[in-house]
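According to TrEMBL, the protein has these features:
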type: SIGNAL; residues: A:1-20; note: signal peptide
type: TRANSMEM; residues: A:48-72; note: transmembrane segment
type: BINDING; residues: A:ASP120, A:THR122, A:ASP543, A:ASP547; note: Mg(2+) binding site
type: ACT_SITE; residues: A:ASP120; note: active site, 4-aspartylphosphate intermediate
type: BINDING; residues: A:ASP120, A:LYS121, A:THR122, A:GLU224, A:PHE265, A:LYS288, A:ARG322, A:THR402, A:GLY403, A:ASP404, A:ARG517, A:LYS523, A:ASN546, A:ASP547; note: ATP binding site
type: DOMAIN; residues: A:569-823; note: domain 'P-type ATPase C-terminal'
type: TRANSMEM; residues: A:600-621; note: transmembrane segment
type: TRANSMEM; residues: A:633-653; note: transmembrane segment
type: TRANSMEM; residues: A:683-704; note: transmembrane segment
type: TRANSMEM; residues: A:724-747; note: transmembrane segment
type: TRANSMEM; residues: A:759-783; note: transmembrane segment
type: TRANSMEM; residues: A:795-816; note: transmembrane segment
Amino acid sequence: MHIFLLQIFGFLALMCFILAIGNGIWEHDKGYYFQVYLPWADGVTSAPYSGFLMFWSYVIILNTVVPISLYVSVEIIRLGNSFYIDWDRKMYYPLNDTPAQARTTTLNEELGQIKYIFSDKTGTLTQNIMAFNKCSINGKSYGDVYDVAGQRTEITEHTEKVDFSYNQLADPKFVFYDHSLVEAVKLDDAATHGFFRLLSLCHTVMPEEKKEGNLVYQAQSPDEGALVTAARNFGFVFCARTPETITVVEMGETKVYELLAILDFNNVRKRMSVIVRNPEGGLTLYCKGADTIVYELLDASCGPLKEETMEHLNEFAGEGLRTLVVAYKNLQEDYFQEWHQRHHEASTALDGREEKLSELYEEIEKDLMLLGATAIEDKLQDGVPQTIETLTKAHIKIWVLTGDKQETAVNIGYSCNILHDDMKEVFIIEGNTSEDVLDELRNARKKMNPDSFLDSDEVNIKFENPSTKSRILPEEQANGVYGLVINGHSLAYALEGNMELELVRTACMCKVVICCRVTPLQKAQVVELVKKYKKVVTLAIGDGANDVSMIKTAHIGVGISGQEGMQAVLSSDFSFAQFRYLQRLLLVHGRWSYIRMCKFLRYFFYKNFAFTLVHFWYGFFSGFSAQTVYDQWFITLYNLVYTSLPVLGMSLFDQDVDDRWSMQFPHLYEPGQQNLYFNKIEFVKCVLHGIYSSLILFFIPYGAMYDTVRSDGKAIADYQSFALMAQTCLLIVVSVQIGLDTAYWTAVNQFFIWGSLSLYFAIIFTMYSDGMYLIFTASFPFIGTARNTLSQPNVWLAIFLSIILCVLPVVGGRFLKAQLMPTVSDKILRKIRAAKKRPPPPLPKTRLRRTSTRRSGYAFSHQHGFGALIMSGRNMRPKLPFTTTGTFSPNSEKNRHK
Amino acid sequence: MAAASPCAEPAARNKPDNTAFTQQRLPAWQPLLSAGTALPLFFCVGLACLALGLGLHFSSDTIRELELDYTGAPGSGHNCSRCGNASLAGAGACTCSLRFELPERFPGPVCLYYQLSNYYQNHRRYSVSRDDRQLSGDASGLSNPATECSPFRTDPQGIPIAPCGAIANSLFNDTFALYHLANGTFHPVPLDNRGISWWTDSNIKFSNPELVNGSLEAAFKGTAKPPNWPHAAYMLDTGNPNNTGFINEDFIVWMRTAALPTFRKLYRRVREGNFSSGLPQGTYRLDITYNYPVLSFQGTKKVIFSTVSWMGGKNPFLGIVYLVFGSACILTGFVMLAVHIKFQKQNQMDVE
């Protein structure tokens, strides 16, 4: 806006200069001789000096082009639109009684121009709750609900949940819908029992009994917690562990397994195993891990089962679930003893311990028997995939910046629709050296847009020429939809000085970017990078303290007020409780605020130009004497009283389409991103429009009054009548113009517009009345003008003529433009108009189910080192919970007898 | 568990109010610019403009108007050239007369105007050079005129001028007498000088200072006449106490400054005696007392005889603009219609 103000100042100076020159010439040619009747003012001795003085007089007269009241109005509008955000019930989250909050009131219109969203993952996109959702046991898939006809049905709130009341130790929060799995457990299906036994044994979870009978698991990774809880509910309750034992209540029967070894998880192995001795004395190795890894280790006899399970895995992966494959293996006593010996030696070895251990692990983890697969849902916040889809349709680029591991991040990317299979390719940048990263970035860009390496490419030209100061990159198009996943350590290289250009070019060509394992500082750096090279409005959204830097760096920061404390909210500009409210914030509030602000600015500049430039034209007919066209009172009240409320009413209430349509047609958001509604061209247009109107507003009264008289022969071409006529024309024209610009006529708008006009007439008839003149003689010299002028038919004919001359070209222009060169939003508005006439179609309930070709849904938020910790017993309390107290189990009596 | 029971939900203290205003659901009228509204608008406005234009044009045409330029620029060979030269030389009053023919009867009431051109009554310094307080008869305004009147605020002796200011000082002071040739002799045509100014001006805005001992002259005591005037204000119309001083109607008419550098002001009306129904066709003579110099700044002076209609004086401008704009509207309407028909199908396709 400041650039526009500077231009206006320039324009003002130009006008004053022209008029000052005009005055110099006029005084030389005419004023000098006219001194018989009008001597020059004291001290004025020459025409040029008079022109110089007149320059400053005109600065005073014409300064109304620089709208000082603009700033006040802008602040009022922003404040109003911020209140709408606070008041929106559709952004209120009832569960924790949190309304949306606009914490700054100066950024509303930028909400309508967002091009890049930087989002945190955990707590923002996801709830950080893992839920055991589905599984595949021995070639049979569980977890879906079928209706009577055998059709898979949608799981809703009304779907009957599985009743776990038979199991007193069940976790009441656990929810499962497929009854057939319970049946299988109750029928003593061996594979099912084996599956859940594995889940209850193969993990690093610690049990805790805070209150009596209330068993709580302390899981280092939420995935494991979900799996062990699932086993618990299905009747395999993991109760207690010591460094040497694991106690499990299996279908009401307490069993103590001897824990012989934990083959711990790490990022390379992508699996973990335990070796236990069951109460009967059998030795078993239980293993769970990534499908790609575990499948390599399976025994050849699992052939057909492998196929079926793989099918299920694909299905799970396609739904964005995190999958693990589970397998077991019975061990021979003598082999195990020998292995155990070697394991002990390796784990006490002084050098090369890791390598030795992993060799040993690989040796024993083979020829596994496949049990099945688990599918865990990393619970997304409500409506995240739909929100992402809508925002993507609005051509907003979404970058996920997360501290999580690559697999987890990619998995979430798929499950919340950021990544999908329609993408031509998802590039993964994980190089460990600067050169690798550069190569990977360049290869990706080569694939997306080979032309961008040509010397003729405008970006290359721009950066070869060091003289160009601006670093803003133009938008580069890729030849398809691509995604980019970049690792934290690679990002560190890519953010280094000379490579950041490569990064930003490649990344911005992609529709989606996921940065994983990034530090809070890197999050901010990425945002900074995009701000530096792209002329776009960025938004960062997050919930935790680690997002604060990013939220502060982006143009607009949004805080999710969730569980993770208040730091993000406190440093944000807007806050609400759920990620899904973002689409409403942007597509409804942001878009409206942007449209309103643009309409406001266009109208405001227009009305002030139309108002002021009339003085300019009058200068040519009044000896460039800084004579105003209007009454002083009108000049004082014009911005303050006559035209302030209608434009405020428009800027507070206007909406082109209501919120539902705004969300249904996200394309309507695009004009904001390209800033189509108020830019240099639009500004020039409203200046030209203002100039045109001022010409009409001057020359129609001029022509109508030239040499004419009232119908009784008395004068009407006097200055006061002319002033009244011009100001009446002006006010009616700008009122009609605001009527044209208003798309949404509420009662308030009507009241403001008609009220302002009525007020105008009331005020002029009062100010120009006999009484006012008799009381304040010198202040109201326009006595009688209103009565004598507005009673004349030709005055009204002239007013009517100026209105239609000002307004009809605008109407015609808009109509023809919408017909000949309809913009995207014109087309959508037309579509909405057509749709409004028809009865509204029922909203299609689309479940975002993807037929995926993804191979693996493996993601696991586990960390290395917990196996060793458990085996050492260092994390155990001296008082063992179960074996000593044993109070929470209904079977405790029986246990003791054993 | 507690979480499952509905009564455990937190109280919705922060829940925003569900009103149409806060939820931005105020009932509203959403007019749309479509072919259904734009085309009829253009055609209707176009037709209305044509009708108005024709009406105005014909009314304007019925108005009879006759202009007589009597500036008498040197070398123009005009009857008043002598007076023009005299005014350039700074000589005093001069009279000249013009003979002219009225080609047709001017139906009454006929107004007699004087018109000045290249005369900047709308110049800012000129138009503020007056004191409304003084002109409304205020005693303090009389003794202490407003500073805007400068340099015609006081005379060189420091005596306040009444009426002060450049406007009053430059009062138009040519006078006219009209004679009609009938039966070989010129008979004077009576000219009515009453009611030529706005009622509000002559009755409220302007009034004489309170009479002192019943004498206006005494009321003006202690003031000086404007330098250009031959007499003081109270002698403007010595014969008629209701038309002298500040409430002299010629003075009031002059004081209502014009908006444009070419302007006409009402001088007299012909509405008495034999001429109450108008000026008959024939030969007339206009005797002019040429006092007012305009040649020094290339001004012109004219006398105009004009009839009036409901729309005032002759002004072809409005009628022509209405006609042109009305035709343009209808033409644009057809263009829009053509465009609409041509693109309707394509736009329809966009919708589907």
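Cβ atoms here come from the backbone N, Cα and C positions, even for glycine.
A:THR122 (Mg(2+) binding site) sits 9 Å from A:GLY403 (ATP binding site), taking the C-alpha atoms as the reference points. Counting only the Cα atoms, the space from A:ASP543 (Mg(2+) binding site) to A:ARG322 (ATP binding site) is about 23 angstrom. In the three-state DSSP scheme, A:ASP543 (Mg(2+) binding site) falls into the coil class. Taking the Cα atom of each, A:ASN546 (ATP binding site) and A:ASP120 (Mg(2+) binding site) are about 9 angstrom apart. For A:ASP547 (Mg(2+) binding site), the count of additional Cβ atoms within 10 Å of its Cβ stands at 31 [all protein chains shown].
For A:PHE265 (ATP binding site), the same-chain residues 6+ apart in sequence whose C-beta sits under 8 angstroms from its C-beta are A:THR204, A:ARG271, A:MET272, A:GLY289, A:PHE860, A:HIS862, A:GLN863, A:HIS864, A:PHE866, A:GLY867.
A:ARG322 (ATP binding site) sits 19 Å from A:ASP120 (Mg(2+) binding site), taking the CA atoms of both as reference points.
Looking at A:ARG517 (ATP binding site) and A:ASP547 (Mg(2+) binding site), their Cα atoms lie 13 Å from each other. Put simply, A:GLY403 (ATP binding site) is 8 Å from A:ASP120 (Mg(2+) binding site) when counted between their Cα atoms. Using a 10 Å Cβ-Cβ cutoff, A:ARG517 (ATP binding site) registers 20 neighbours. For the binding-site residues A:ASP120, A:ASP543, the largest tally of other C-beta atoms within 10 A is found at A:ASP543.
Close to A:GLY403 (ATP binding site) in the fold, though at least 6 residues off in sequence, lie A:THR122, A:CYS516, A:ARG517, A:VAL518, A:THR519, A:ASN546, each with a CB less than 8 Å from its CB.
The ATP-binding residues named in the record, A:ASP120, A:LYS121, A:THR122, A:GLU224, A:PHE265, A:LYS288, A:ARG322, A:THR402, A:GLY403, A:ASP404, A:ARG517, A:LYS523, A:ASN546, A:ASP547, extend over a maximum Cα to Cα distance of 33 Å.
Over the domain 'P-type ATPase C-terminal' (A:569-823), the average per-residue pLDDT in this prediction is 92. DSSP assigns A:THR122 (Mg(2+) binding site) to a strand.
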